[in-house]
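Colleague: As listed in TrEMBL for this protein:
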- 18-151: domain 'Malic enzyme N-terminal' (DOMAIN)
- Y39: active site, proton donor (ACT_SITE)
- K94: active site, proton acceptor (ACT_SITE)
- 163-399: domain 'Malic enzyme NAD-binding' (DOMAIN)
- N286, N317: (S)-malate binding site (BINDING)
Amino acid sequence: MSTDLKQASLDYHAQPVPGKISVELTKPAQTQRDLSLAYSPGVAEPCREIAKDADLAYRYTGKGNLVAVISNGSAVLGLGNLGALASKPVMEGKALLFKRFAGINSIDIEVDTADAGEFIDTVERIADTFGGINLEDIKAPECFEIETALIERCNIPVFHDDQHGTAIVTAAGLVNALEIQGKRLEDAVITCLGAGAAAIACMRLLVSLGARRENIYMLDRRGVIYAGREGVNLYKQEFANDTDKRSLADAVNGADAFIGLSGADLLKPEMLQSMAAKPVVFACSNPDPEISPELAMATRDDLIIATGRSDYPNQVNNVLGFPFIFRGALDVHATGINEAMKVAAVRALSDLAREPVPQDVLDAFELESLSFGPEYIIPKPMDCRLLPRLATAVAQAAIDSGVARADLPQDYAAYLAEMAG
Ligand SMILES: NC(=O)C1=CN([C@@H]2O[C@H](COP(=O)(O)OP(=O)(O)OC[C@H]3O[C@@H](n4cnc5c(N)ncnc54)[C@H](OP(=O)(O)O)[C@@H]3O)[C@@H](O)[C@H]2O)C=CC1
Ligand SMILES: CC(=O)C(=O)O
Ligand SMILES: [Mg+2]
């Protein structure tokens, strides 16, 4: 990161007030009567109602539009285990994105423990306060056990964004990028660098969408995960490939797609050079990608490259998913976010990239034109069509798959327009 951007970021976080989020009131609190309604004695009435029927918390409190972003700081972006407190800027950032893109109130919670059981117990005890829980930056393999237990124990959507948000956006982007390169997911040879939360979930979703497991080579710090390798956890085992490839150089040679969900600068130019014609490279590690777009483009000119960052074309980042997916799930009081809802989000995102780009998006990126192609495989986060398209698709999929507990709000399009602010 340039010195200029580093200082600008520190200033952004410190000024004019520390942090990125605050709380606002939704009811008047000026007069003695206002206070008798907001607090004692009036507040007793909604308390009594909720004690009789827990669902009334959706009517009388902010629960239904409130998502907790919860982390233990064990896999903060690609920076590693920075601990709970140091993860707070990222978690506040996710809360900012929930509000900015989907009108969802969100609060960050950092739980200071590396123990999965303690983390699960803590989150379970506070879960009912919220309409949904977005787990964030929790490292594999604990993240899998944590999410599974919390889904089982909580009655609200629990969604590990680094797994499913990333998988949804990656799948939408990859389907589009392969099509532009004249390839099909069913035939593509995919090298996935990283075997953690994001990588495992991405490969699982790609397989469910048609990618062939035997065409996937997954790597961790020790190299290719091959059949018979010792000391491989059961999640990585799912992608053990019966191959004699061992290194990244072996695995990427001839591959159609490289998906990086690992760390900075790990894909070398000579490796990129050895990929098949018209390759797709998703260097999604944050903040520093597996290869910089400048270096990748200088190495060969027939590739499509995406990163997780806002400052290059093709931002493949879960920001394109979680605000809108939660919006749809919250609006029908879904009990969870299931496969049907995830696939609906993939389709909506992938389809939207093929439509003409609105002028305000072009203005935000100071571009004259943009259309479906190598430099535009996926919509931009600023695209105000994302909220109606994704939220509606996800909410409808929740209804159709039987996990919704409420109908769509009346005139949903107008409601979403209000939520977009
Ligand atoms: N663009 C986006 O939307 C998103 C991007 N990401 C990025 O993906 C990365 C991983 O995040 P997440 O899955 O949550 O973290 P995890 O800690 O769960 O997984 C990290 C994985 O990366 C592997 N890895 C790390 N360094 C290397 C290396 N030098 N060589 C090979 N493999 C390596 C680890 O290997 P091992 O198992 O051996 O330790 C592990 O499998 C981060 O950089 C993060 O920023 C994550 C979510 C969303
Ligand atoms: C984008 C994101 O969630 C990550 O890099 O962890
Ligand atoms: Mg994350």
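Positions of Cβ are set from backbone N, Cα and C atoms, glycine also.
Mind running through what each feature is packed against?
Modeller: In the three-state DSSP classification, Y39 (active site, proton donor) falls within coil. All protein chains shown were included, and the count of other CB atoms within 10 Å of the CB of Y39 (active site, proton donor) stands at 11.
DSSP assigns K94 (active site, proton acceptor) to a helical segment in the three-state reduction.
Within its own chain, N286 ((S)-malate binding site) has L77, G78, G308, R309, N317 as residues 6 or more apart in sequence whose C-beta sits under 8 angstroms from its own. Under the DSSP three-state reduction, N286 ((S)-malate binding site) is assigned to coil, being neither helix nor strand.
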Colleague: Give the distance between the Cα atoms of Y39 (active site, proton donor) and K94 (active site, proton acceptor), rounded to the nearest whole Å.
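Modeller: On Cα coordinates alone, these residues lie 31 Å apart.
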Colleague: By DSSP, what is the split of the domain 'Malic enzyme N-terminal' (18-151) into helix, strand and coil residues?
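Modeller: DSSP classes over the domain 'Malic enzyme N-terminal' (18-151) add up to 69 helix, 16 strand, 49 coil.
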Colleague: When you measure from the Cβ of K94 (active site, proton acceptor), which residues in the chain that are at least 6 apart have a Cβ under 8 Å away?
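Modeller: Non-local contacts for K94 (active site, proton acceptor): V69, S106, D108, N134, E136, D161, F322.
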Colleague: Tell me the Cβ neighbour count for N317 ((S)-malate binding site), meaning other Cβ atoms within 10 Å of its Cβ, over all protein chains shown.
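Modeller: Excluding its own Cβ, N317 ((S)-malate binding site) sees 23 Cβ atoms within 10 Å.
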